[in-house]
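A quick write-up on the structure given underneath.
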Amino acid sequence: MPLYVIDKPLTLHILTQLRDKNTDQINFRKNLVRLGRILGYEIANTLDYEIVEVETPLGARTKGIDITDLNNIVIINILRAAVPLVEGLLKAFPKARQGVIGASRVEVDGKEVPKDMDVYIYYKKIPNIRAKVDNVIIADPMIATASTMLKVLEEVVRASPKRIYIVSIISSEYGANKILSKYPFIYLFTVTIDPELNNKGYILPGLGDAGDRAFG
């Protein structure tokens, strides 16, 4: 399964600041932007490229790489927590077209939230996805039960893009397995895999509610 855990010293340093309850709102958002940019560069390493030849100012010719798929990127922002993450991704993919999806979990009465939650999409604005051409990147900082992501994937998979990437900061073991079991062709990029979900569907140890911490 194409699971990429980008657990390098720098990404883990930034993740530690995100987890810290004392990190303020401004720095929380800035750190999401930083990780979005780093994860974007990691994704770029998996895109299709061509070997090209260029001439330097000294008149010498040398071979290099042209990542052709940099022109074929669609980034989908799952509101609202993904906004800073997408800001970082756009620094890595400045030519990307953007889409937005608003999704919400159906509230459940009771103390315990089921892992298979109903999700409804209340807003959707996605650019045309060119079949077998575009690489779609779906951004959501936290993949807990994966219910929201699976709902969004239903929309994206129908368009038959060339590749589908998911970018998250923290994925639960349950959520990652659920996504990749259903869609084994998807590329999931995350900084870490956390082992648990609590009875409200939050990741443990996690970092709290990313949307609330980023925007209040």
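Each residue, glycine too, has its Cβ placed from N, Cα and C.
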Given that Swiss-Prot assigns Arg80, Asp140, Pro141, Met142, Ile143, Ala144, Thr145, Ala146, Ser147, Thr148, Asp209 to the 5-phospho-alpha-D-ribose 1-diphosphate site, pick the one from Arg37, Arg61, Arg105 that the record assigns to that site as well.
Arg105
Looking at the binding-site residues Lys30, Arg34, Ile203, Gly208, Ala210, which ones sit with their CA no more than 10 Å from the CA of Arg80 (5-phospho-alpha-D-ribose 1-diphosphate binding site)?
Ala210
DSSP secondary structure for Ala146 (5-phospho-alpha-D-ribose 1-diphosphate binding site), reduced to helix/strand/coil, please.
coil
Listed binding-site residues Lys30, Leu32, Arg34, Ile203, Asp209, Ala210, filtered to Cα within 10 Å of Met142 (5-phospho-alpha-D-ribose 1-diphosphate binding site):
Ile203, Asp209, Ala210
For Ile203 (uracil binding site), the spatially nearest of the binding-site residues Lys30, Leu32, Ala144, using Cα atoms, is Ala144
Please report the DSSP secondary structure of Ile203 (uracil binding site), reduced to three states.
strand
Near the uracil site, what residues other than Ile203, Gly208, Asp209, Ala210 in the same chain have a C-beta no further than 8 Å from the centroid of the listed C-beta atoms?
Ala81, Pro141, Met142, Tyr202, Gly206, Leu207, Gly211, Asp212, Arg213
